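Chemist: Checked TrEMBL, it gives:
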type     : residues  : note
TRANSMEM : A:17-35   : transmembrane segment
TRANSMEM : A:55-78   : transmembrane segment
TRANSMEM : A:99-123  : transmembrane segment
TRANSMEM : A:143-164 : transmembrane segment
TRANSMEM : A:171-190 : transmembrane segment
TRANSMEM : A:217-235 : transmembrane segment
Amino acid sequence: MKTLLWAERMKLRRSKIIWIALFSAVMVSVIVYMQGQFLFQGHRYVDEPGWFMTAAQSLGSIFVLPAIIALMGSYMICREEQGDTMKSLRLIPVKLSRLVGAKLVLAAFMSVLLYAFLFIITFSTEAALHFSLLKSAAVLNFLKIYLLQGICLFFAISPIIAIVAVLKKGYWISLIFAEVYSFAGLFVGMQNTARFIYPVTAAFCVSGYYESTLPQMITSILSLFICACLSLLILDRLNRKYNS
Amino acid sequence: MNDAVIETKQITKVYGEQTAVNRVDLHVRKGRIYGLLGRNGAGKTTIMKMILGLVSITSGEADLFGKNVKGNEKQIYPRIGAIIEMPGFYPNLTGTENLEIFAKLRGTTKPRAVQEALEVVGLPYRDKKTFSKYSLGMKQRLGIANAILHDPELLILDEPTNGLDPIGIAEVRSFIKDLSVERGKTILISSHILSEISLLADDIGIINNGVLLEENSMAALKKKNGKYILLQVSDTAKASLILERKFHTKNYSVQDAHTLHLFDTFLDMAAVNKALMLEDISVISSQLCNDTLEDYFKRVTGGEGIA
């Protein structure tokens, strides 16, 4: 597995997908910052400590980052088939289940890194705007929310990555699926019970963005666990198809 | 054959209603270069894919090193290097980086394996050019480098000179020959170019429309062709006895009851005709023929020939 992870990391060198992911995080920050220029009771939103970090994380997690995470994951899986490298890997031999496993682990790691990058941007901006008003406990709480959101959102998105890998229609399709899936979270998030069940919003609950009771937290963890199991089941089907 | 590295038994591949490969028996012997010759779409790639276990076999069996690939991949694949169709690599990586990935996944322990493989095919080591910017010929060379990276015993090369310029073709041909002669590698190579196969192969299989029409050694095929006297006589059995008795030659082949090929072209044709007629054998015709391998392949493939 260590070798496969090394190989997967190597394969991403000079890859445009990394730049797309970084660009999307920057764009989320820029758009939210611009949004923060609006006035509320005579003050700009962005001048309120913590507002920028909260808004960037929530809006990014609904509108942009799920699609980017899905794109990264499905790109890593689909490129082997599209670039015709799969037959060379088969002749090594590399087991598809282990190969996909390594890709998913790396995609999860990249999802966390993407959120960490977004955190660095938002924290730096907040620090530049009002460093003295920031409290270390609040900043650390935001860091926890960002990192957990990264991993939880990956689990929520993983069935889309798996479905796109099975469909073999090209990895760009995952962008559309994930966008629809996460956008629906905007409406589900308004409903008290459903938001702890729907995977995209369940990620908000587990990360600590939503205040939740223990049963609600367990429901959300269970929802994300089911997502992970579902993706593994779908990928197992792909593995069987491939082996036969 | 005991020394067969690859042996297929009546392998057949059916796609829907189309039979791509039909009951092919292939025998690739250790240390030899086997040329699989056929037109585009004849079934060469499908045969190679079936041998390697990349596509399922509809019926029949394919053994590598005496074992079926299915279930023995871990033992068999490290002993094989292969290029099937166009080699696939990661476009955002350089040739060296691509090979480093495959070397590490294969568990290649030799420290200079990548560098040596690139040197063999004439590609630069640690070059900055990414695979996406490679020419067709460079891609093909990198594919060959990947196939020989782990020093395999058997090479399966599907049209390895595709896209190469004439000098590149000659170079590839030369190192394939070296791999077989100097390092004792067994090589199965496919091509639709007759001259390429005839210059390289020790054994040859001619495939057309998914059927293996002939499998023979190149030496035997060459002997079958070239210059010969075509004799059409009333009785070839009697005629061959006379040739042996009076002209002390066994260098002929009986084609059918009335046709005989006499390969000792230095013999006096008038004397041969006279000797046959004296023994009451009617000579319908006798002529000097000069068949090339291409003529032969045309004949074998039903007149279609091979490029």
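Every residue number used here counts from 1 along the chain in the order it is shown.
Just so it is clear, glycine is given a Cβ too, placed from its N, Cα and C backbone atoms.
Would you situate these features in the structure and describe their surroundings?
Modeler: Non-local neighbours of the transmembrane segment (A:99-123) in the same chain are 1, 4-5, 7-9, 12, 21-22, 25-26, 28-29, 52-53, 56-57, 60, 65, 68-69, 72-73, 76-77, 80, 89, 139, 142-143, 146-147, 149-151, 153-155, 157-158, 161, 165, 231, 235, 238-239; each lies 6+ residues outside the stretch with a CB under 8 Å from one of its CB atoms.
Sequence-remote contacts of a segment are chain residues at least 6 beyond its ends whose Cβ falls under 8 Å from one of its Cβ atoms, and for the transmembrane segment (A:143-164) they are 57, 61, 65-66, 69-70, 73-74, 77-78, 104, 107-108, 111-116, 118-119, 123, 171, 173-174, 177-178, 181-182, 199-200, 202-204, 206-209, 224-225, 227-228, 230-232, 234-235, 238.
Listed by sequence, the residues of this chain that lie at least six past the ends of the transmembrane segment (A:171-190) yet keep a Cβ under 8 A from its Cβ atoms are 61-63, 66-67, 69-71, 73-75, 77-79, 82, 157, 160-161, 163-164, 198, 200-201, 204.
Distant neighbours of the transmembrane segment (A:217-235): 97, 100, 104, 152, 155-156, 158-159, 161-163, 165-166, 196-199, 202-203, 205-206; these residues of the same chain sit at least 6 beyond its ends, with a Cβ under 8 Å from one of its Cβ atoms.
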